[in-house]
Amino acid sequence: MGEVVSKKRKMKGLTTVDIVLMAILAIVNGVALTYLAMLNQMLTAIGGPILTSVTLGLYAVSGVLAGYIIRKPGAAFFTLTLAGVIQVLSGNPNGLISITAATTDGLGAEIGYALFRYKRWDWLSTAVAGLLTIPAWFVISAFWFGYYTWGWTILIIAFCVRLVSGVILAGWLSKVLGDVLTKIGILNGFQIAKDAKKKRRIANGSDYQAR
């Protein structure tokens, strides 16, 4: 069963601590992606849009992870948008188009979480958030980088590879990272930790009643 947040919890706006975490994730991810972009240029030269599509999910990790940890509207979108700016400032070889890519990725992740009304946080919701980071940018990049010249067969295969990458590397990897950091205690004070604590209390109460 999915982890569903009680409807009684009133959704609050982003706090200063939330924004600081978003900035940290954006900076780390943005700088890392600058180097990944260089790698992807080589992968594109070797295997075209199919090979380079394998790593595409990594571009959206910061946003999907921020959304999963903070669990408030806007966290995923603004984190990825900032990550795009960081990529440009850190010398991403793709230049300003990196901001467009990050913004569309962030919008997709945000829509993914919004579909569950920011109340479900599990493998399904993170998978959907990761999945939806792919379509919009795929269409843009197909024309921007000339992928359309490869023909429909390769484009469809590349799109499917990117969808899988989005689910696994953007969605599920973010969930694993968020859960691990929560267990370590690094995320105390964020909504993910509060929800985990509440879930444990409910589970302990059920165990007690069963005895």
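From the backbone N, Cα and C atoms, a Cβ is placed for every residue, glycine too.
Where the annotation comes from TrEMBL, it is an automatic prediction and has not been curated.
Values in this document were obtained by computation on a predicted structure and should not be read as measured data.
Residues of the same chain lying 6 or more positions beyond the ends of the transmembrane segment (16-36) and with a Cβ under 8 Å from any Cβ of it are 55, 58-59, 61-62, 65-66, 69-70, 72, 75, 78-80, 82-87, 89-93, 98, 189-190. Residues or ranges marked as transmembrane segment by TrEMBL: 16-36 (among others).
Within its own chain, the transmembrane segment (42-61) is flanked in space by residues 29, 33, 36, 80, 101-102, 105-106, 108-109, 130, 133-134, 142, 145, 147, 150, 154-155, 157-159, 161-162, 165-171, 173-174, 177, which lie at least six positions past its ends and keep a Cβ under 8 Å from the stretch. The transmembrane segment annotation in TrEMBL covers 42-61 (among others).
Packing against the transmembrane segment (73-90) from elsewhere in the chain are residues 11, 14, 18, 22-23, 25-27, 29-31, 33-34, 37, 60, 62-64, 66-67, 96, 98-103, 105-107, 109-110, 112-114, 118, 129: each is 6 or more residues past its ends and has a CB under 8 Å from a CB in it. Residues or ranges marked as transmembrane segment in TrEMBL: 73-90 (among others).
According to TrEMBL, the transmembrane segment annotation covers 96-116 (among others).
Under 8 Å from some Cβ of the transmembrane segment (123-144) lie the Cβ atoms of residues 2, 49, 56-57, 59-60, 63-64, 67-68, 76, 97, 100-101, 104-109, 111-113, 115-116, 155, 158-159, 162-163, 165-172, 174-175, all in the same chain and six or more residues away from its ends. Sequence annotations record features per position, and here TrEMBL assigns transmembrane segment to 123-144 (among others).
Taken from TrEMBL, the feature transmembrane segment applies to 150-173 (among others).
Only residues 6 or more beyond the boundaries of the transmembrane segment (96-116), in the same chain, are considered here, and those with a CB under 8 A from a CB of the stretch are 33, 37, 59-60, 63-64, 67, 73-74, 76-81, 83-85, 87-88, 125, 128-137, 140-141, 144, 170.
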